[in-house]
Each structure stands twice: as C-alpha cells, then as structure tokens.
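Reading through the structure tokens given below for one structure.
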Amino acid sequence: MLQQQKFNFACKQHPQELIQFCCFKKDCYDNRMFCFKCMKQTQHVQHMDVVNKIEDAESFINQQLRKLKETITITKNQFNQAKEQYQYLIKGLEDRVFSLESINFLDLSEIEEALTISFLFDQLQQTIQQTVQPQLLKLKKSMEDIYQNCQINIFIQKDEYNILKIANYLLKQQDLQKAMLYYEECLKLNPENEQALLGKGDCLRLKSKFNQALECYEKLLSINENNAQAYLNQGECLFNLAKFNSALQAYDHALNINQNDYKAMFYKGQCLSIIFQLTEAKECFNEVIENNSNEIYTLLSQSYLLIQQLEKDKALILIDQIQQKYPQNYDAFIFKIQFAIILENFYEASDISEEMIKYYPEDGQALYFKGITLIHQGELDQAQKVLEKLIEIDPTLWMIQHLKANILSEEGKQDQALELIDQILAYSPNIFLVLFQKYMIFKNRGYDQVIQLFDDLIIKYPQDTFPLLFKGIFLCGEDKFDEALKVFDCLLSIDYENFFILFLKADCLKKLNKYQKAIDLCEKLLSLFPDNSIIMKIKNEILEKISDDNEQMEQIENEEDEEDEQQENKENQEDEEEDNLELDNITL
C-alpha cells in the first residue's frame, strides 16, 4: 500500500496555488490534478461526477494496487499449473528415452512393444509442432501485447532516486523481501549505485545471509573505498561469521575514514571483548562514553565496562534503561541473552530469545541462542526445529554446526560432537561457547585429559587467551592455586590491566593465605576501579580473615600464657611443699 501522506503539490498552470482536486475519468486529456482556479476555468466540467478531492487519489491507487496484486497471484498460479503440465510431459518423454536406451535389458515382448510405440514418435513430434508450438507463439504474442498496451513496461518515474526512496522506506519498515526487489531494480538501472548496493547488503545482513551481504559490501568498496558505512556493516557480517580479526580490520577502516564514528568504535570494543582483549576494548568503550554522541551506544559501552568489572547488576540496570526507551534494540537483547547463558540461567535466556525473535524472526543469532537454551532445557525436538530454520537461512553458518554438536553431546555422542567442534575451531579458534563446550566434554575425562587439551590449544593457538584462561579457572577448581597463579601471571604479561584476571589472581592469593599480596593487589584494583563492589568485598573478606586469625592467635597466646602461669604456680607450690617438708624434718 502507499504510505499515507499529506498532498502539498503546486498546480502546473497556477504554481502559486496548491492542487486540491483529481479527475478519475479514464480518457480525460486535461490535467488530472488541478487547483480551484482551474476548476473555475471550467476544466473537467463535462464530467464533474468523477472529480474528487486530491486525497482520494491515494485510496484509488491503493484499490488498483490490490487488484494488481490479485492479478499477479492468479497469473502466478496459472503459470505454475502450465509449468506442471509441461514438466509432466517432459518427464514422460524422458522416461520413454530411458526405456529405449535400456533395450539391451529388455525381453522379447518388451522390445516388440517398444517398436510399436516408436512408430508413434513421428505423430508426437507432428502434434507438438502443429498444436503446442503455435499455441505458445500465440501466447507469447498475447503477453507482448498486454505488456505494451497496458504499459507494464513503463515504471512511473523510473529513475534511481525514486526506486531507491521506496526501497529505503521498505527497509526502514523491515519489509526486507520487497526492499530487496526495489534495490535490485535500481541496480539494473545502475549497477554501481552505492546506496542500492548498501541497502541490498543490509537486507541480506538482516536476513542473516552474511556471505551474500559481504559480496554487496565488497562490490561497493571496490567502487568507493572511502564508504565508512560499508566497512561498518562488513565488520558486523564478519563478526557474526566469527571472523573476529577480519571484523576488527573492517572497523579500523571505518574509523580511519571517520575517527568519530561512535558505532564503529563501540562494535570494535564489542569484538575485542569477545576475544578477551579487555584492556583494548575498555579504551574503545571509554572513547564512546567520552564522545557521548549517542545515548544507546553510551549506555551499551558503560554496560560492557561494568561487565568487565563483574558488576552485573549495575550493567543490567543500564540495559533495562535502553529497553525501556527502545524495546527493539538489537544489542541490548544480545547482551542479556549472552549474559544469562554464561550464568546458566537458561530459562531466562530462552524467554529473552523468544521476545527477540518476535522483532527479528530471521536473525541467526537470536535463533542460535534459542536453540542453545532449548538444548540445555532438554527440549531436543524443539531445538531441532530451530536448527532447521537456521539451515533455511544459510546452511554454511558455524552456529548450525555448534547446535548439532550440542544435540549430539546431550545424546551422549561425545566423539561425534567433538568432531564438529574441532571443525568450528579450525574455522575460528576463539569462539567462547564452542571452546567452553569442548572443555566441559574433556572435564568428564579426568584431570590429565583436561590439562593436555589446554596445553595442545595453547601450542596450536598461541595468540588466543581463552585456552590459558580456561586452564587457570580449571586449576582453581581443582584447588591447585599455585599452578593457577602461574597461568594468571602469564595472562597478565599479555594484558596487565585485565580486571578479570587480576580478580582471579587476588582470589587465588586469598585461598593460599597470602593475605598481604592479596591486599596489595586489591589496592591496585581499587586505584583503577575505586567503586568496584566485588574487589571491596574480597578485600573486606581478607581483612576479616586476618582479624579472625589475629584473634585466634591472641587467644592461643593467652591460653599458652595461662598454661605457663598454671605450670609456674604448680612448680612454686611443689617447691613450697618440699621446703615445708625439709623444715619439719629439721625440727624433728
């Protein structure tokens, strides 16, 4: 339907006047749209019964549009019916060819039947030439006449600007399929139209067809290598394909063109967070916050910084603020789902995913997270349906392989699950959830197997921090705090301000009763993050422990003093008794 709008067009004959009327007479040759002055000049006076207000033009066009859509549906059905008949005929002919080509395998009666049928082939060919082909030529001519006579070949103001305007409107309304048609129509007129290439890429990206979208952005960048938006959207596709290093390069290209691009800066920070380069991510988020150009991305950046500092409650308050104002915000949904999954709140993650899918029914990530939560809830049949939807979108997505691996793991087929996981890691070695799943499978195989897994991953992917991180966390869980400390120190040599690693190290020192070192580390963290409640809690726990230990030591010392005093009194009493005994002996 046409977009409802207010008509404020100037009259062609009286430019100072606004058009107020429209003529609906089919064969009228005067100006169809005219002003009140035109009316007084007796234009259209012969057929005033079909003159209406200009606003009625919209209703009339929409009515005709409905009829046109009905015609399209009927024509499509007729075409499909004819196509089916042709396919049926062709299939019969092909079957006949096959049966004759296999003559060496026929018995005598079948060969005789084949000969009889062969005499009919001339008649078949003649029938097709005399009936079907003329009908097709006649139909072709009829179609051409309809096309010309009904002016189907004329697109109203068929130029790039108007087509692009419609396409952009449809994209904004999330009518992606129709928007795609208009962008493609525009590209037929001009294959190098940058906005059309960008729009088509955006439609494909929003439908989670990331590889196809990348082709559009790459073509656009070959035309104009300074298009920052193309780099930004290219980065988002690469991010969703788990090609994080390539995504970072795309975001850097966008920032080289416009260093104040807060969206590119935020998404770069998000990408760095995903691969656990938290100090560099923090710099990106701080730049967005300092710039403060956009409320949403400022709040998102603050949320990510709070999560880095393990302040989950404060982070979720900010995300809720975003969703109160912008309930459809994509990044807020993803943030909450990922966080719920990490905390293993799968029912909550499932509810959020379901809500997100209402707004983004074809979004790969929303469907993927929904599938993950269903698997953890034991609803494998429902998870399989989600998997099938993802396959319809793009069968090459890594998320499909990971969902399959999760289903296999739940079914106890760990070796098959590991095969799929290794395929994903060969494609992208630093996907947190995939690495975590492999860790959980190996965890059930015993200590030595887990340590060997991490050591192999560290050798294979020396640039990635996740294997070291998981190894350190695993060692803490096994109460091997001295070994865990060595791993954390290794991580800190790569990123010395990584809050999460510093927190884990402080916790290790506390458990090893190295209180002074733990206190010093807490003081360092509080100098960087003065209001952090998590570090304050650890510090207070350590101080309380020291206080308890001091009280215990004091109590022990007091008890020892009392014992010494009692022993001394006892010895004095014994000495006194001996002296009295000697005195008695002397007296005697």
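The first residue you see is number 1, and the count goes up from there.
Any Cβ shown, glycine's included, is placed from N, Cα and C.
Over in TrEMBL, the protein carries these features:
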type	residues	note
COILED	51-96	coiled coil
REPEAT	160-193	repeat 'TPR'
REPEAT	194-227	repeat 'TPR'
REPEAT	228-261	repeat 'TPR'
REPEAT	364-397	repeat 'TPR'
COMPBIAS	549-566	compositional bias 'Acidic residues'
REGION	549-588	region 'Disordered'
COMPBIAS	573-582	compositional bias 'Acidic residues'
Averaged pLDDT score, the coiled coil (51-96): 78
For the repeat 'TPR' (364-397), the number of residues DSSP places in helix, strand and coil: 27 helix, 0 strand, 7 coil
Secondary structure content of the repeat 'TPR' (194-227), with strand meaning DSSP E or B: 27 helix, 0 strand, 7 coil
DSSP helix/strand/coil residue counts for the repeat 'TPR' (160-193): 27 helix, 0 strand, 7 coil
